[in-house]
Every structure is written in structure tokens, then in C-alpha cells.
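Novice: Before we start, here is the structure in question, set down as C-alpha cells.
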Amino acid sequence: MAQRFDRIWQNARLATLGEGRPGLGVIEHGVVASRAGRIAFAGPQSDFAADADAPERIDCEGRWITPGLIDCHTHLVYGGDRAHEFELRLAGASYEEIARAGGGIVSTVAATRAASEAELIASALPRLDALLAEGVTTIEIKSGYGLETATELRQLSAARALGEQRPVSVRTSFLGAHALPVEAGGDKERYIDLVCNEMLPAVAQSGAADAVDAFMETIAFSPEQTSRVFAAAKTLGLPVKLHADQLSNLGGAALAAGFGALSADHLEHTDEVGAVAMARSGTVAVLLPGAYYFIRETQKPPVELFRKHGVKLALATDCNPGSSPLTSLLLTMNMAATLFRMTVDECIAGVTREGARALGLLADTGTLEPGKWCNLAIWDIGRPAELVYRLGFNPLHQRVWRGR
């Protein structure tokens, strides 16, 4: 009896990203077939059943297929913008100076608190659409611009709604420990009490978040305060991830690893102790070259240390209004290659397989393997390096989410 599939993509070149394959896991003469939204076959044409049948067959005409792209660190939902702060930075003000003067995250908090859920969704949709237009099929979206329970929940609800309005998988992270709100009067301990005793239980009860994040930095929260948040999250059964070592080395990478974090992100100032700890815990390093570029950082993340110790490397846009108003994973890959000296294979893996790993989703997406969601990006390119090499050019031919 002939094998039945829903759709078959044939005459394609595949970059499977399978972990058991070298490099990008390339198959020159490949086929992908889907059934019930998942990959039922991904491999050489020669291994595909000659009598296979499907209502729809797509001739890819030699185009490349990669897994759908994954943006594993964004702050996509927020109110207002911070273009005026961009002008201040151009005039010489630093990110820290703007934050300490009441700008930065806190200014976005005011605009986000004033916005309705519908307004938050409407403002985020164009940013999401820009990412989808480049082949993104999975995105992580954080809260963190409410800094009080109602607005944090509203942000998370808006993020979930985006996944209902567009064909994309949305993962949400609660980032209540992002900054200190004005009404806290400088009392970080009391605010962390609020995060742990009120916000986190409300978030967990509502099911609004898939993970808990925090910003551990001299201008944000201490290692001790971050540990309190993570301990509370773990008690509630929520995995954690951390904005770590971006502006200074407070031991964020090692702290994240100690809590078994899915990922530690930024990492410009991480040392070898942190890299070793991440390797042991399986914590993914999420590098954010857009933020490095936009705020004109000079300390690069220690990519060689991560390679040396086998830490997995993911990439993301860090789309946010203050330090990375970026909605292009293609440009993110180019930045990672040119600024951080990452290889083409590392960059492409970083926005597919390793992005999935950073979200705890590798069992379901991130590679072209049977059983995973049929999330594909089909490209008009001659070789995968073009995805990293080109600037301001989008070679996406088709984006497929769950087989459609």
C-alpha cells in the first residue's frame, strides 16, 4: 500500500541540522514530507518511497530547506518607543547613565502600563510580521515592562494572543525582575518580595508563562535577589533563564547554571568559571549581537571559551525598544559572524537547533527530523552561507508552520 502524506516537498537541498550529522546536516537531493503537521520523512530522495502519495506536491526546484527559524529571546510586546534615548546615546550618554536618570526600561514601563491589551497586540504585530517574513516559526516573548502584577499578566496575555493571530509558536517568559519600578522607592528587597510572593504565584496559576527570567546586573538585581526569584520559580515548577553578565561580571552565567537554567543570555563579561558551569549544566549561551552593536559595547562574549568547553551557542534579536530595536534574524546572523567571529554553521544552528534547545523545545522543533513539527524555511539561495553573508536582503521563498 502506498504511503500517504499531507504534503511533499521534493527536489530540494536540505540543511537538516540533525545532531548526528556533520556541519549543517546537508542532503543534496532531499525530500520532506508531512503528516498531521509533523515531519513524517526528511531525507534523501533515494530513500523516499517511490509510491508515496499526497494531495499536494511542491517542487522546490533545487531550493534550500532549513528548519524554520527560532528567535529565542525577545521583548516584542511593549508600549511606546525610545527613539529619543537613541538620540541621547548618539550625543554621548551611556545605557547605564540613561537608566540611572530614570530612562531606559522604566520609561517603557510607563507607556506599557498605559496601554490596553489590544493596543499592545496592535503595536507588536508589525514587529512579529517582520520576523515571520524572514522565516521565523517560533518566538519567545518576555514580559518585564509592567513591574506590577496586572500589567505583567497583560503583557503575557498579549504575547499569547499573537500566537493566535499569526501562524507562529509563541513561548512566554515572565520577567518581573527586570528593573525597579518608581513606586518601589529604591527598595529592591521589597520589590523582590512582591515578585516572589504575588507576581510569580499569579503567573503560575494563570499558566501565562512558560519560563521565568531575570536581569542580574549592577543597574538591576543582585545575585542574592536573583536567586530568590529563581528559587521561587523552581518551587512553582517553572524553568528559568537569565540576562547575565551583559555589563559586568556578577557571576551570572554560573548562577544560571546552578539553577539548571535553560539559557543564560548576553554574556559579554562571562569568565571561564561561568563557561565551565554552563557546559556542565547544559545551559545554552544565547548571544545577542544586536544589543552589543546598538549600545556600542566593546567587550565581546567569550565565544572561544564557549567553544572550548562545549557550550551550545544560540542567537536571537533581543528585539526591545531600548537596546536592540531589531526585527531581523538574518541581520543578527551577519552581526554574530562579523562582530563575534561565529562561523556560518554556528550562526545557522544558533537560530534553529540551538534556539530550540534554549527554549526547551528541541524534542519538537529546530531540526528536520521525523516526529518534529513541520516548521520549514525554503530559501532562494545557492548555498547556506548566503543567509549569513547578505545584508538587507531577504531570500525567503516560503515559510511553513506545522505543515501549512
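Just so you know, glycine gets a Cβ as well, placed from its N, Cα and C.
Worth saying up front: this structure is predicted, and the values here are computed from it rather than measured.
The Zn(2+) binding site feature in Swiss-Prot is assigned to H73, H75, H243, D318. Per Swiss-Prot, the feature Fe(3+) binding site maps to H73, H75, H243, D318. Annotated 4-imidazolone-5-propanoate binding site per Swiss-Prot: R82, Y145, H178, Q246, S323, in sequence order. Positions annotated as N-formimidoyl-L-glutamate binding site by Swiss-Prot, on the basis of sequence analysis: Y145, N320, G322.
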Novice: Can you tell me how spread out the 4-imidazolone-5-propanoate site is, meaning the largest CA to CA distance among R82, Y145, H178, Q246, S323, in Å?
Specialist: 20
Novice: Want to know which binding-site residues, from R82, Y145, H178, H243, Q246, are within 10 Å of G322 (N-formimidoyl-L-glutamate binding site) at Cα; which are they?
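Specialist: Final answer, ordered: R82.
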Novice: Round to the nearest Å and give the CA-to-CA distance linking D318 (Zn(2+) binding site) with Q246 (4-imidazolone-5-propanoate binding site).
Specialist: 13
Novice: Which residues, sitting 6 or more apart from H75 (Zn(2+) binding site) on the same chain, put a CB under 8 Å from its CB?
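Specialist: Non-local contacts for H75 (Zn(2+) binding site): I141, K142, G144, Y145, L175, D318, C319, N320, P321.
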Novice: For the binding-site residues H73, R82, H178, H243, work out the Cβ neighbour count at 10 Å and name the residue with the minimum.
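Specialist: Ranked by other Cβ atoms within 10 Å, the binding-site residues H73, R82, H178, H243 bottom out at R82.
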Novice: Cα distance, H243 (Zn(2+) binding site) to R82 (4-imidazolone-5-propanoate binding site), nearest Å?
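Specialist: Given the Cα positions, R82 (4-imidazolone-5-propanoate binding site) is 20 Å from H243 (Zn(2+) binding site).
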Novice: Counting only residues 6+ apart in the same chain, whose Cβ is under 8 Å from the Cβ of Q246 (4-imidazolone-5-propanoate binding site)?
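Specialist: Looking at Cβ-Cβ distances below 8 Å from Q246 (4-imidazolone-5-propanoate binding site), excluding near sequence neighbours, one finds E217, H266, L267, E268, H269, A291.
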Novice: Count the other Cβ atoms sitting within 10 Å of the Cβ of S323 (4-imidazolone-5-propanoate binding site), across every protein chain shown.
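Specialist: There are 26 of them.
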Novice: Taking the recorded Fe(3+) site as H73, H75, H243, D318, identify the other residues of that chain whose CB atom sits within 8 Å of the mean position of the site's CB atoms, giving them in sequence order.
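Specialist: Near the Fe(3+) site, the remaining chain residues are T74, K142, D265, H266, L288, A291, A316, C319, N320, S324.
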Novice: DSSP secondary structure for H75 (Zn(2+) binding site), reduced to helix/strand/coil, please.
Specialist: coil
Novice: Helix, strand or coil at R82 (4-imidazolone-5-propanoate binding site), per DSSP?
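Specialist: SS state of R82 (4-imidazolone-5-propanoate binding site) = coil.
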